[in-house]
Amino acid sequence: MDDIFGIPAPLLFGQLLLGLINGAFYAMLSLGLAVIFGLLNIVNMAHGAQFMMGAFCAWMLLAWAGIGYWWALILSPIIIGFTGIVLEKLFISKLYKLDHLYGLLLTFGLALIIEGVFRNEFGSSGLPYRIPPELSGAWDLGFMFMPIYRGWVVVAALILCLATWLIIEKTRLGAYLRAATENAALVQAFGVNVPRMVTLTYGFGVALAAIGGVLAAPIYSVNPQMGSNLIIVVFAVVVIGGMGSILGSILTGFALGIVEGLTKVFWPEASATVIFVIMAIVLLARPAGLFGRA
Amino acid sequence: MSLNRREMLAAGAATALGGLPRARAQGGQVIRLGVLTDMSGPYRDTTGPGSVVLTQQAVQDFGSRGFQVEVLQADHQNKPDVGANIARQWFDQGIDAVVDLPTSSVALAVNQIAREKNKVHLNSGAATSDLTGAQCSPNTVHWTYDTYMLAKSTGAAIVKTGGDSWFFITADYAFGHALERDTSNFVRSAGGRVLGNVRYPFPATTDFSAFLLQAQASRAKVLGFANASTDTVNCIKGAREFGLQRSMKFAALLMGIVDVKSLGLEAGQGLNLTEAFYWDLNDRTRALTERVRAKNEGRPPAMVPAGCYGAVLHYLKAVADMGVPAAKASGVEAVNRMKAMPADDDAFGASTIRPDGRCIHPAYLFEVKAPGESRNPWDLYKLAATTPGEEAFRPLAEGGCPLVRS
């Protein structure tokens, strides 16, 4: 087959597909961050730790209770989302009147504590979690060998992102949420319990991170640091997409996954940096992000 | 239990304050060991608390021969400045030997201080072969393994079984580069070829699939992983998922029993890796494992903690041989005595220490068992080959250690 920029075409197609798969994780995580920031004005630095907790929860369900992957996909977000609700009630709700910086520092501190506790309990080397038998194996696409599980991750991420976007943009509940961010007092005057809605929104954002963690568990080593490596990139994705823009974070997540994938072919050493270079350029040209409203 | 807690705090303070003067009252008949290791970072599971347990076991197995031994511990957080500060403080407070020192950068920093203060540096955890090469010191013994040994044992063995074309996935920093370079040399000198490599940003990379696909496209027979811990585990998991095992053999150049446990036998089966110690190697290693298992959270010892055991036991024997005052007076003399005496312990069997500080013992090439072959949760390896000590490490003349020339 022909070469494209000196790279064999099959290899390039393969890398595009892989970029899309990584983009699925970026999209899922940045979506949760965008929802939380958009509605709570909190920069949730604990998101990576909550992603990690989701993966650990799946591992605990399997190792301690014999509960498999599919139930974990439902139970883990519920359990971890609930811990998010507790955090919001105890700590985060006290900060809404203060500057963004306080929320950022609080959640960053929480992330360090959570990761430290998990490292003490489970060690640093990681725990094994098997791919569910229904999704193991691979398709031979001709130009590459495509693991079925990775395909499933892309499908699951797309469904989740789309559903979240529909709920927030197209339903009555979503309309309340959006209205509450514009003018909470007015929405409350119409009889909507805004504090409860905000609490549940945080829980929902955390649950999204936990689902990401469950989806990641069979692919990556389940270890306490698994979220902290991802979260910085995901923040860059959110900034590029425009803080708080739901659709922006989804599209940017997938797009940057692909850009990163291509960089890994042409200049692997720069693959960790490319997203931040793009972030710098976007901030210079459009400070509100690609999809943000200035 | 608030009453007890208060009592415990008081007792703790008393021990901390009272420890040093009491020892002096007994005429200096106390040897103090400080285990300086990673208690909270990525190497915690392969070194850390296990190294402390095995050091204490060495003290216990040594028994009482006219002097007491105290063991202290500290976390160097994998930061050279933190490690250097603790070591300096310890030496000034009368610690005679520092033990373990994983993470090469920290080990090299403490190496200088031990020499300056004329104390003993018993290294088990660091990988760099510079400790017995250009930066060798008369105060240091490098007990367990190094990059040269790993590259030679794993690299040469795989070339011998027909794996003569290689592709490397390498962590883009000093350690990864050194491991890739050393292994490439063995591959080439054994008649093999290196078809390509990819260097990924460390530690910012979580997904390796893009690099795995490039490795596959190179059509090399062997995929070498010049990285460590979680990165290696993620690489191998990914490689299996993308079906690379159908056309390539994997070589994990630095991988231990804890990593294999974390990877799981399903994904790990058939891997070749090198260690200097495995708990189920022979009757003596099994006996040692039985003695420490309960104290070690139910796990058998890993290689680096076992190295702490061997090094500490041999050091204590040297101290007994030369007398406590002489050993405390000069770290160089204590290390010289260690070099002059043949060593023998349950973890490594008979071994010797070369003039450059390198401890010489065999290197073992293992193959990871398939899930069906494993009889218990820690039954993970089959022995594939043994490299005798004289061949396992870099020849004395090639290391560039100034101690050897003089």
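Using the three backbone atoms N, Cα and C, a Cβ is placed for every residue, glycine included.
According to TrEMBL, the feature transmembrane segment maps to A:12-35 (among others).
Long-range neighbours of the transmembrane segment (A:42-62) within the same chain, counting only residues 6 or more positions beyond its ends whose Cβ lies under 8 Å from a Cβ of the stretch, are 29, 32-33, 36, 68-69, 71-73, 75-77, 79-80, 83-84, 87, 92, 95-96, 100, 103-104, 107-108, 110-111, 114-115, 118, 122, 127, 129, 202, 205-206, 209-214, 216-217, 220, 222-231, 234. Summarising the annotation, TrEMBL assigns transmembrane segment to A:42-62 (among others).
The annotation transmembrane segment is assigned in TrEMBL to A:68-87 (among others).
Residues or ranges marked as transmembrane segment in TrEMBL: A:99-118 (among others).
Look at TrEMBL and you will find A:149-168 (among others) tagged as transmembrane segment.
Per TrEMBL, the feature transmembrane segment maps to A:200-220 (among others).
Residues 16, 19-31, 33-35, 37-38, 47-48, 161, 164-165, 168-169, 274-276, 278-279, 282-283, 288-293 of the same chain lie 6 or more positions beyond the ends of the transmembrane segment (A:232-259) yet place their CB under 8 Å from a CB of it. Under the heading transmembrane segment, TrEMBL lists A:232-259 (among others).
As annotated by TrEMBL, transmembrane segment applies to A:265-285 (among others).
In this chain, the transmembrane segment (A:99-118) does not touch the transmembrane segment (A:149-168); fewer than three CB pairs sit within less than 8 A of each other, excluding pairs fewer than 6 residues apart. Through the fold, the transmembrane segment (A:265-285) approaches residues 5, 7, 11-12, 15, 233, 236-237, 239-240, 256, 259 of its own chain, all at least 6 residues removed from its boundaries and within a Cβ separation under 8 Å. Proximity of distant same-chain residues to the transmembrane segment (A:200-220), defined by a Cβ-Cβ separation under 8 Å and at least 6 residues beyond the stretch ends, is recorded for 25, 28-29, 31-33, 35-36, 39-40, 42, 44, 47-48, 50-59, 69, 72-73, 76-85, 87-88, 92, 129-132, 149-150, 153, 156-157, 160, 164, 177, 226-227.
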